[in-house]
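Asks: Per TrEMBL, the feature active site maps to His475. The feature region 'Disordered' is assigned by TrEMBL to 21-56. As annotated by TrEMBL, transmembrane segment applies to 156-177, 197-221, 233-257, 335-356, 377-408, 428-447, 459-479, 485-504, 516-535.
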Amino acid sequence: MHKNDICSWCWGFSCRMVNEGAGGPRSRRGSHKVVPSSDQDGTGADRATGEVPCPSNGTVEVEHIISAKLQLKKKAEHLKADLMRQFDTQVNEFMDSLIEESASLGSSHVSTVFPLSEKEKSKLRVTQPPQGQSKQFVIRRSLLDDLFEVNHIRTIYHMFIALLILFIFSTLVVDFIDEGRLVLEFDLLVYAFGQFPLVVVTWMCMFLSTLVVPYVLLSVWANVYPTSNHQGLWTVLAGSLLLLYQGLCLGFLPTYVVLKNGLPPASCFILILEQVRLIMKAHSFIRENVPRVRSLERSKTNSVAVPQFTQYIYFLFAPTLIYRDNYPRNPCIRWGYVAIQFSQVLGCLFYAYYIFVRLCIPQFRSISMQLFDLRAMVLCVFNSILPGVLVLFLAFFAFLHCWLNAFAEMLRFGDRMFYKDWWNSTSFANYYRTWNVVVHDWLYYYVYRDFLWMTQKRFRAAAMLVVFTVSAVVHEYVLAICFGFFYPVLFCLFMCFGMVFNFVLHDRRKGPIWNVIMWTALFLGQGVLICLYSQEWYAQRFCPIQEPSFIDLLKPRSWTCSP
């Protein structure tokens, strides 16, 4: 073969390789086609095929083409990331606004778009709250139900299940090595839920009294108030009876039963949390219906102001603390879904059992045998972060997701927004709003907004302080009664660090670093709670005082206990 023929063949082959790398593989016939100069633009590229033709002198800038392609690819990746972030933000904002606007649409606006029958229009009017009323309920799923449909998120759920399996396996192995047999007694769970029949009887008395007393008081007052010449006197009398009932029957008697019988912690939590829930339910029922009676009296209408008894019963079981006559309902009950949620609650109980058995009890038994000092406390706090965070996740998942969704499904309750994406919070203000939406709504509408209404919106900072104080006092009351001692760690964290973080880490804080700061503070707080309350629990048992004075009841036993 002639030398010039060999060179021509080599340059032709290199040109075909460049074109195939730029535009994909081509057929042999297309690669030998001669491109006329009229089909090329100023850059020398073929307009029809997009290929870069080989120059007549047989030179091509391969490195230049490759670097240009890499730069274009890098720019496309950056553009894609920016577009996805903007799209995600805009979609979230659009969906939130769409839900709010759809809930606030009146029947007249809906009928212009969707033709409704008279029965459907009347049902829509009954379901919707009046304009200016507080919370609006719409049909929506819980956030985790949506997230668990994504395989990447469900993998995190599988990781927690794997960790539970390892806890169970390690406990069985350690028990087999120490005892020479498999120990499957679950003595901690048996102790924690002790005297359960007494808990059931006490709860039934609490529930039946809440079912009868507030409804009867409202019905009697609503019948007497419009026609009475002493409306203020009747209002004060009914309000005093309601406060007396809430303070004596719902407040004092369950607490007396718990303290008198020395109920174990889990049984105490059931009664005390139900006590708080029923008090909040009764307040919401009265608070939402009293203005209705007074407005009907001023308008001189003959409409029925008191809701039906069945509506009140439904509200007592519904997973919300805001009363409405009607809530949006789902068409059917998925009993399989209910079974899954209750089984997950049971799984979380066993999960918490193994966390305390493997991570908490061995550590705090040894710590309680030594004097209280700074080094021991620091080590205790950091060793308690892992169990504290796991208990936080379990409490959230078991109650706010599984338990509430199970009851919502059985009642066909449509609005499942019991929490929001609190894990994405970059401020503690947002965390407080999104962690427990059910309780936050009650505090916002019946404490914060009512305080602003009474002060004519002049003391917003004081209203926020009142909300924090009420929440901190109730949380500390629950822990003090259930644990059997007064150690206001949670109250101090709430009122001191919680208030400071609420104003320092506010909603204007954005960016990943603030989410890291929020999680760091949350982890440390959980470690402090688990450490100090566990130390005090063991100190109360290892260093009992036969006849404690009032000062002894207020002073932490772990500070002076030296067994």
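For all residues, glycine too, the Cβ spot is worked out from N, Cα and C.
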Asks: List, by number or range, the same-chain residues at least 6 past the transmembrane segment (197-221) whose CB is under 8 A from its CB atoms?
Replies: 234-235, 238, 241-242, 245, 249-250, 253-254, 257, 261, 263, 267, 270-271, 274-275, 278, 281-282, 285-286, 289-290, 293, 306, 309, 312-313, 316
Asks: In sequence order, which same-chain residues at least six apart have a C-beta under 8 angstroms from His475 (active site)?
Replies: Leu490, Phe491, Phe494
Asks: The transmembrane segment (377-408) vs the transmembrane segment (485-504): three or more C-beta pairs under 8 Å (separation of 6 or more)?
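Replies: When sequence-distant Cβ pairs are counted, the transmembrane segment (485-504) does not touch the transmembrane segment (377-408), since fewer than 3 lie under 8 Å.
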Asks: Mind checking which residues of the chain, 6+ beyond the ends of the transmembrane segment (516-535), have their Cβ under 8 Å from one of its Cβ atoms?
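Replies: Answer is 360, 364, 367-368, 372, 377, 380-385, 387-389, 391-392, 425-428, 431, 479, 483, 487, 489-490, 493, 497, 501, 505, 558.
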Asks: Counting only residues 6+ away from its ends, which parts of the chain sit with a Cβ under 8 Å from the transmembrane segment (156-177)?
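Replies: For the transmembrane segment (156-177), the list is 148, 183, 347, 350-351, 354-355, 357-358, 393.
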